[in-house]
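Peer 1: Sharing a structure with you now.
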Amino acid sequence: MPLVIFNSLGREKQLFEPLHPGVVGIYVCGPTVYGHAHLGHAKSYVSFDVVVRWLRESGYRVKYVQNITDVGHLSDDADEGEDKIARQARLEKTDPMEIAQFYTRSFLDDMDRLGVLRPNISPLATGHIPEQIALVDKLVKRGHAYEVNGNVYFSVESFPGYGKLSGRTDLDAVQSGARVGVRSEKHNPSDFALWKKAEEGHLMQWDSPWGMGYPGWHLECSAMSMKYLGDTIDIHGGGMENRFPHHECEIAQSEAANEKPYVRYWMHNNMVTVNGTKMGKSLKNAVNLKEIFKTVDPLAVRFFILQSHYRSPLDYSDTAVAGSTAGLQKLRETRQRLIEATPGTGLLDAAPFSLRFREAMDDDFNTPVAIAALFDFSKALNTALDRPDGLNASSLEAARELFSTAAVTVLGIMTEDAEGGMHDGGRSAETLDEVMGVLMELRSEARKNKDFATSDLIRDHLLAAGIEIKDTREGASWSKTRH
């Protein structure tokens, strides 16, 4: 089936047709780097990572841009309050750029561990001040913006389409409660800041035609997306909490400046809850990824996220993550068994499972249904491999190709060079086998001598290192529990 995407702008699934055949430009709002990444970040960036992976697997040439907000995001997410990075720098008694660079590195490290592919371009807001000033100047000259006391505001009344994404069309009702700051100097309470005058001592400020200041949060994404992807973007993604005001303001300022549609397909991922309660830093229940990774395989966290559709809420609990960890381990064991299998004479048609997987992904990137198809294939594969005649060479090849495409290339829940991969690291894998052979023999001798303390010690230390031992009537076996 052709790819369909739920477009938040039209509030319906729509056939995907990029602006230029065979080429897709996608922009996703990146993090504001003033703290470590949490599970909400993981939900968003894993979801859009799979979108990019599937588009590439489908034959599109994808240019993926994801910004880093290192200035201009105020503490109330609108026009008031202190810059979040400047505030963190003040709290930590250091420079804002040091804060931004430290937490950018932290964010990228977490994304790498989750298997999130790096975007083609990761522009910094501070590296695009001239582009942002030029966009503000263009809006002022076109009559869509005005300056008051060194602040420049976008005039919402000048853009009739304001509210078309969020459905908020009653401008009188769009007050500060909707997170667009109200200032008496604005012509309309709904007007939003494009450029903010820097207060005395402000740590990050630049010269502009309106005096020393810094860009508004909404402005950054418009300027950077248009620079790298053009005036019209195929896909713009982000969390549903950004739909208003952030994305609504992006549309207004971009379309007012260029008189062209800004985005063809708007995609919004849903939010994360913790044990049924909304997650947030203000509620002090934000789940820090680095804390999760101390006890949970990062790829199991990724698998947990993908078991829920990107537009569905994700409820985090220890029980749910444990279930995902166990499920991923079953798939890894099946794949390892598939790698080690030698050709027999039996048959297994992988095509129906491959079709189910592709149809699920073409249906608005439905990863839960795609994963269900992979589990069904895993079950059928194990049944076939249990038979005395096994599987013939062509069936094994087709099965390996399906597992590689689904689990590695598209879902990203396994890697090529780790356990469960099509390649196992060459000499490093041989070395591991040799070491494990010695340890398994030592443990076997300990059990024969009823030295269960030593036997259990070996087992427990290996488990802590990511290797699980299973004792059965046929003997002991081992497998990796993480990459």
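Cβ coordinates are placed from backbone N, Cα and C, and glycine is handled just like the others.
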Peer 1: Examine the ranges 31-41, 251-261, 438-448 and name the one recorded by Swiss-Prot as motif ''HIGH' region'.
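Peer 2: Going through 31-41, 251-261, 438-448 one by one, Swiss-Prot gives motif ''HIGH' region' for 31-41.
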Peer 1: Name the residue range among 128-132, 278-282, 308-312, 343-347 that Swiss-Prot annotates as motif ''KMSKS' region'.
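Peer 2: Of 128-132, 278-282, 308-312, 343-347, Swiss-Prot gives motif ''KMSKS' region' for 278-282.
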Peer 1: DSSP helix, strand and coil counts for the motif ''HIGH' region' (31-41)?
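Peer 2: Counting residues per DSSP class in the motif ''HIGH' region' (31-41), I get 3 helix, 2 strand, 6 coil.
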